[in-house]
Amino acid sequence: MGREFGKVQPQNSSRHIISNQSSSNSSIGSNRSVKMRKPLLNERWTSILYTLIAALTFATAGTMVGWSSGTFRRSTLPSSQPVPLPLLDNWSISLAATPAIVITVTACVVHCCYRWIGTKAFLLTASLLAIGSSTLDAYGLTFWSASAARILAGISAGIAFTLVPSYVDEFGAASRLSTPNRPPLDGILAAAFPFGVLLRFGADLLPQPIEPTWYAVCWSVLPTLAFTGLLFLPESARYLSVTGRVSQAALILQRTHEPAVQPGLQECLARWQQPGPGLIEAVKRQANLTLLIPLLALFAFQAFVGALPMIFYLTDLLELSGQQYPHRSPEQAAAMLVAIFTVTVAFSRYLNSSLHPRTVLVLSSLLMALAALALGWHCHERRTHNLDPADAYTEWPFVCFALLYIAYALGFHQQPGMLLAAEVTDDNLFALRTVATAICWGSVYLCVRLLPVLLSTIGLGWVLWNVALIALSAAGVVLLCLPGQDEYAHKVLPTVCPNSMTSSVCSSGSSSPNTCWPCTNAPSTTGTGTIAPDMFQYPEKQTVTGPEMV
């Protein structure tokens, strides 16, 4: 008989596997063997270590974004003069923007194919592609070799942006919304991307190696470290569950979950065995389009508020805004701005802990609009009054750019993803994250392509004023279209797993008390205790009784 959606067959199969494995393990377990096999790191630090290794792929993607700024300033005309940003030809602009559109396409392809290839194999491939991109970038002397390098970098980044967030979620699958002192896995992942950009901008301040071999080796170190670390990481528990290897998935989840939350892992395994929706199907199944469309629009605002596309040309933008050499070179100012961006992202978890994501987005949008308006007026004054650059030096451009990137780091860099994870059901989260990635980087492609054209036509001042208008529009969308309360209807449950983890299993309508394990977790009036799978029970805990026969 074919499997119907919402049936509990995967849960029952996972329960049998877990029960059989627990009985065989208990027959040979003893205090001595437990001590001998005790890992060096506890569950919390194991999940942090796994996240740091996976985050190396995000850092590699950051070096891809920071490539164009320093590379274009080192490229020279026959007269050995640097090429200014508004005068870049279409070929150079294409090289800068190519990875963004490649990321958009790669995200959709990876979502369709990962069930047949596997998360770990995909991530290893991404690291190898990044190494190949660095080698081509070092040895290639033509536009086509540079284009091939940028395409490989885009594919590598697209794989990472699609698979790594869901892979890292598995390290805290049962405690993502319930444990107050959960490890800062999302914060580590969010800080890895600007850290990669910082590495590229910092390297631009150093003397550039003449030999291409040294250049290739230098930028292959990070993806090589990622490849080596990924070899020692376990396969995705989600992928193992999809392919029927539930017992292996359960063992992997045990490594990264503390005993207090491990009873909820059975429901995660049962949910992951259900066939995941496609991209369009996930949008249809979410049903509440009046909430989903504004959520996805936030990822377009991630690009159109300007902070991310400006990184591609940040050094030139600083020079255009009046950052001059006597006090601080544009290259030094750009590296300092990215360092401020990285540090702010790293500490945003603590700065935003007492505020709702909706409030953070509104405040950050207003701060970005204020910084863009002030900097736009400064650039407009310089252009209309034709001031002498030597006499017009001021710290105002650096201060305004710093405020803009601080606001972006606190708000749009991470909050849209947090809102998406909180509002949509977990069955649809992976697919909708892929849609959001495609929307974000498709918008980045448009911005990176249009920015040099706009600078040569309307000027930097008007560009910044349009950025301010977009930031104010984003604040309006957040205020009008997103809920302001913290309690999301489908996420608030007394169980260790979110409600959406159990909704597809609990919808079968079975009357058996053992059919749906989370539904039996709530304390009852008859005094029955929590029924946990045998695999996740420990000797020091009290023996619990099952439900009474009726």
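Note that the numbers count up from 1, one per residue, in the order the chain is shown.
Placement of Cβ uses the backbone N, Cα and C atoms for every residue, glycine included.
Feature annotations, courtesy of TrEMBL:
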REGION    1-31  region 'Disordered'
COMPBIAS  11-31  compositional bias 'Low complexity'
TRANSMEM  45-70  transmembrane segment
TRANSMEM  90-114  transmembrane segment
TRANSMEM  121-141  transmembrane segment
TRANSMEM  214-233  transmembrane segment
TRANSMEM  289-313  transmembrane segment
TRANSMEM  333-352  transmembrane segment
TRANSMEM  359-378  transmembrane segment
TRANSMEM  393-410  transmembrane segment
TRANSMEM  430-451  transmembrane segment
TRANSMEM  463-482  transmembrane segment
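By the count of Cβ pairs under 8 Å, the stretch nearest in packing to the transmembrane segment (289-313) among 45-70, 121-141, 214-233, 430-451 is 430-451. With a cut-off of 8 Å between Cβ atoms, the residues of this chain six or more beyond the transmembrane segment (333-352) that come close are 66, 69, 184, 186-187, 190-191, 194-195, 197-198, 201-202, 204-205, 311, 314-315, 318, 323, 360, 398, 401-402, 405-406, 408-410, 413-415. Between the transmembrane segment (45-70) and the transmembrane segment (430-451) there are fewer than 3 Cβ pairs closer than 8 Å, counting only residues 6 or more apart in sequence, so the two stretches are not in contact. 90-114 is the stretch from 90-114, 359-378, 463-482 with the greatest number of Cβ pairs below 8 Å to the transmembrane segment (430-451).
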